[in-house]
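The domain 'Nucleoside diphosphate kinase-like' annotation in TrEMBL covers 9-152. For K17, F67, R99, T105, R117, N127, the entry in TrEMBL reads ATP binding site. TrEMBL lists H130 with the feature active site, pros-phosphohistidine intermediate.
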Amino acid sequence: MSNAAALKQVYTLAIIKPDILIKKKQSVDTILQSIGERFTIHNDIKPINLSVTQAEQFYNDHRGKFFFERLVCFMTRGPIVPLILTEKNNDKNTITSWREFIGPTHAENARKIECLRGKYGSSDTWNGFHGSGSNDEATQEINFFFPTFLNDTTVDHFK
């Protein structure tokens, strides 16, 4: 990749959530293939388990909301797969593209369109996938799971 292309590179954090890895494990390879057709995955694909403390830290911006404890409990009930992604089409914003690809948070809305949550999600909490909401959020989230990834000072990952 040229330096000019690298400067335009925008990353996002995606997570395949426990509901997929527990209840729809047979679909993981198909899901990863679908993701790989549109996005480049920049990390090793390996399931990890979050502790309650880690999940509370990761979702700290939701602390105090009615769903916080349910979300933390859900995210610690089984393995997750965090992914660092970039959109293969350089004309598209990775964060926006990934969020469109996974679809709306609410299962009822997601089922109305062609998206990952519509196909694999089963409820608002058990919606299968996470996506960063902004460049700042992507930076924080990537640093949470992959603390050395963004330390390459030759590239402005979020320009």
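For all residues, glycine too, the Cβ spot is worked out from N, Cα and C.
Everything TrEMBL records as a feature, shown here on the structure.
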{"residue": "K17", "record": "ATP binding site", "Cβ contacts under 8 Å, 6 or more apart": "F74, M75, I80, W126, N127, G128, F129, H130"}
{"residue": "F67", "record": "ATP binding site", "Cβ contacts under 8 Å, 6 or more apart": "D124, T125"}
{"residue": "R99", "record": "ATP binding site", "Cβ contacts under 8 Å, 6 or more apart": "G131, G133"}
{"residue": "T105", "record": "ATP binding site", "Cβ contacts under 8 Å, 6 or more apart": "R117, D124, N127"}
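Every protein chain considered, the tally of other Cβ atoms within 10 Å of the Cβ of the residue listed as 'active site, pros-phosphohistidine intermediate' stands at 23. Counted within 10 Å of its Cβ, the other Cβ atoms near R117 (ATP binding site) come to 24, all protein chains included.
Applying DSSP to the domain 'Nucleoside diphosphate kinase-like' (9-152) sorts its residues as follows: 70 helix, 20 strand, 54 coil. The number of other CB atoms found within 10 A of the CB of N127 (ATP binding site), across every protein chain shown, is 24. The full span of the recorded ATP binding residues, K17, F67, R99, T105, R117, N127, taken as their largest Cα to Cα distance, is 20 Å.
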